[in-house]
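Enquirer: Feature list, courtesy of TrEMBL:
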{"type": "TRANSMEM", "residues": "32-54", "note": "transmembrane segment"}
{"type": "DOMAIN", "residues": "45-367", "note": "domain 'G-protein coupled receptors family 1 profile'"}
{"type": "TRANSMEM", "residues": "66-91", "note": "transmembrane segment"}
{"type": "TRANSMEM", "residues": "103-124", "note": "transmembrane segment"}
{"type": "TRANSMEM", "residues": "145-166", "note": "transmembrane segment"}
{"type": "TRANSMEM", "residues": "191-215", "note": "transmembrane segment"}
{"type": "TRANSMEM", "residues": "308-326", "note": "transmembrane segment"}
{"type": "TRANSMEM", "residues": "346-370", "note": "transmembrane segment"}
Amino acid sequence: MFDMNWTASESNWTVPEAPQTPPWYVTTKIQVTLYAIIFLLAVIGNALIILTLAQNRRMRTVTNLFLLNLAFSDLLLGVLCMPFTLTGYILRDFVLGEAMCKLIPFLQACLVAVSAWTLVAISVERYYAICHPLRSLSWQTLSHAYKTILSIWLCSFICMLPIAFLSELKPTIKGNRKCRENWPTLEYEKAFTLLLDIGLMVSPLVVLAVTYSLIIRTLWQGIQTDRASHSTGNSTVEIYVNLQMNSTSSWRIKNKTNITRQQSNWTTLRNWSDESNSPIGSNSSKSWVSGLRRTNAERSLRNKKKRVIKMLCVVVLEFFVCWAPLYTVNTIVLFTDQYVYDTIGYTGISLLQLLAYTSSCCNPITYCFMNVGFRKSFLKLFSCVKRSRYSANFRMEGSDCQVDLKYSNQRCSEN
């Protein structure tokens with residue numbers, strides 16, 4: 001009478017299994033969660049970088065200006081591309097219209113080009129700054145960096161115009177719509193895709209590999225020179241200095257950096273350098289002190305450059321690890337369409353797209369962990385927000401607290 005969908009087997013009742021959740025539903029939930037996490041990290045992290053570099057004038061260097069451009073492109077990639085890509089994946093239908101079908105792929109291609117060519121500009125700038133510092137003094141300025149960034153954006157817009165003109169909505173078998181490029185022939189599409197691979201992946205990778213290899217070699221030679229100078233400077237030198245007390249102190253200098261006291265009745269190194277009656281003379285002592293300070297400053301600057309280069313190499317590695325698989329698969333699809341879909345499937349391609357978007361949130365994390373200056377600036381930015389809120393609350397209670405509000409804002413602007 002009632003169809004309960006049961007079966008009998010040897011007087012044992014067998015209850016049918018509950019309907020299983022479709023696999024695509026599970027993967028969709030996972031991808032939505034991952035997209036949300038990457039989107040939040042990309043927007044918040046890159047916004048913090050932009051605010052930090054815009055607020056802190058001391059960090060407005062040529063390299064940081066390029067990093068600011070990189071953060072801006074990553075922010076736009078997260079805001080303008082990720083939500084629409086996720087919507088199309090969930091609905092299996094492009095519902096945003098013809099105009100957005102032309103705009104979104106065009107913007108995504110432009111932003112990838114901006115990121116790749118900005119990394120190339122950073123590597124070239126670092127190469128001349130470290131390997132040829134005198135030659136770079138004439139053009140390594142903020143105004144030149146602004147012109148370079150403007151050229152990068154213009155070139156990316158011009159090179160990606162075919163995507164904007166040829167993208168259009170196409171009907172699918174199930175009656176939905178998909179956004180695809182409609183090329184006159186397959187040969188034109190293959191040629192354009194190969195040019196993109198060369199311009200956005202192969203050529204930048206070659207330039208980055210060459211420039212950073214030369215930079216690392218130059219830094220390594222500087223380190224070897226420091227080690228050689230230390231090894232030849234192990235002999236000790238005795239310096240006797242006449243003090244105002246008419247007594248003598250003996251100083252032993254080891255490796256030209258560490259000064260140890262051997263006898264009592266001593267004054268500071270400052271008194272020793274100012275004393276004209278010393279056996280070696282005040283001029284030579286001052287020259288030795290200035291040379292010592294210059295050596296330490298050069299070593300500190302070299303170590304700072306090493307840390308910056310390490311961070312930039314990680315940024316480059318993240319970019320190519322995230323974007324190279326997607327561009328490789330897109331190129332293979334043009335030649336063996338069915339093989340790619342049979343191998344990795346539609347879900348695999350969407351995961352590669354997600355991996356590509358991951359690059360937009362990697363840079364802020366890298367800056368925070370590998371750059372002390374960025375980390376301190378992030379903390380100062382949060383402290384400024386807290387001080388502003390604290391002063392604003394007191395302003396509501398009385399007019400005497402208005403000075404605190406102005407002082408708080410002034411401190412934040414100076415930092």
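Placement of Cβ uses the backbone N, Cα and C atoms for every residue, glycine included.
Small disclaimer: the values here were computed from a predicted structure and weren't measured.
Can you tell me where each of these features sits in the structure?
Expert: Within the chain, the transmembrane segment (32-54) has long-range Cβ neighbours (under 8 A, six or more residues past its boundaries) at 60, 64-65, 67-68, 71-72, 74-75, 77-79, 82-83, 86, 90, 354, 357-358, 360-361, 363-365, 367, 374, 377-378, 381.
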Enquirer: Give the nonlocal contacts of the transmembrane segment (103-124) in its own chain as ranges (CB under 8 Å, at least six residues past its ends).
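Expert: Residues 63, 66-67, 69-70, 73-74, 76-77, 80-81, 84-85, 96, 148-149, 152-153, 155-157, 159-161, 163-164, 167, 179, 181, 196, 199-201, 204, 207-208, 211-212, 215, 312, 315-316, 319, 323, 359.
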Enquirer: Taking pairs 6 or more apart in sequence, does the count of Cβ pairs under 8 Å between the transmembrane segment (66-91) and the transmembrane segment (346-370) hit 3 or more?
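Expert: With 3 or more qualifying Cβ pairs, these stretches touch.
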Enquirer: In terms of Cβ proximity under 8 Å, which residues at least six beyond the ends of the transmembrane segment (145-166) contact it?
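Expert: Sequence-remote neighbours of the transmembrane segment (145-166) are 62, 65-66, 69, 102-103, 105-106, 109-111, 113-114, 117-118, 121, 125, 181-183, 192, 199.
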Enquirer: Do any residues, 6 or more residues outside the transmembrane segment (346-370), come within under 8 Å Cβ-to-Cβ of it, and if so which ones?
Expert: 24, 27, 31, 34-35, 38, 41-42, 44-46, 48-49, 67, 70-71, 74-75, 77-78, 81-82, 85, 89, 115, 307, 310-311, 314-315, 318-319, 322-323, 325-326, 329, 340, 378
Enquirer: Which residues of the chain, 6 or more past the ends of the transmembrane segment (191-215), have a CB below 8 A from one of its CBs?
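Expert: The answer is 109, 112-113, 116-117, 119-120, 123-124, 126-127, 130-131, 159, 162, 183, 309, 312-313, 316, 320, 323-324, 327, 330-331, 334.
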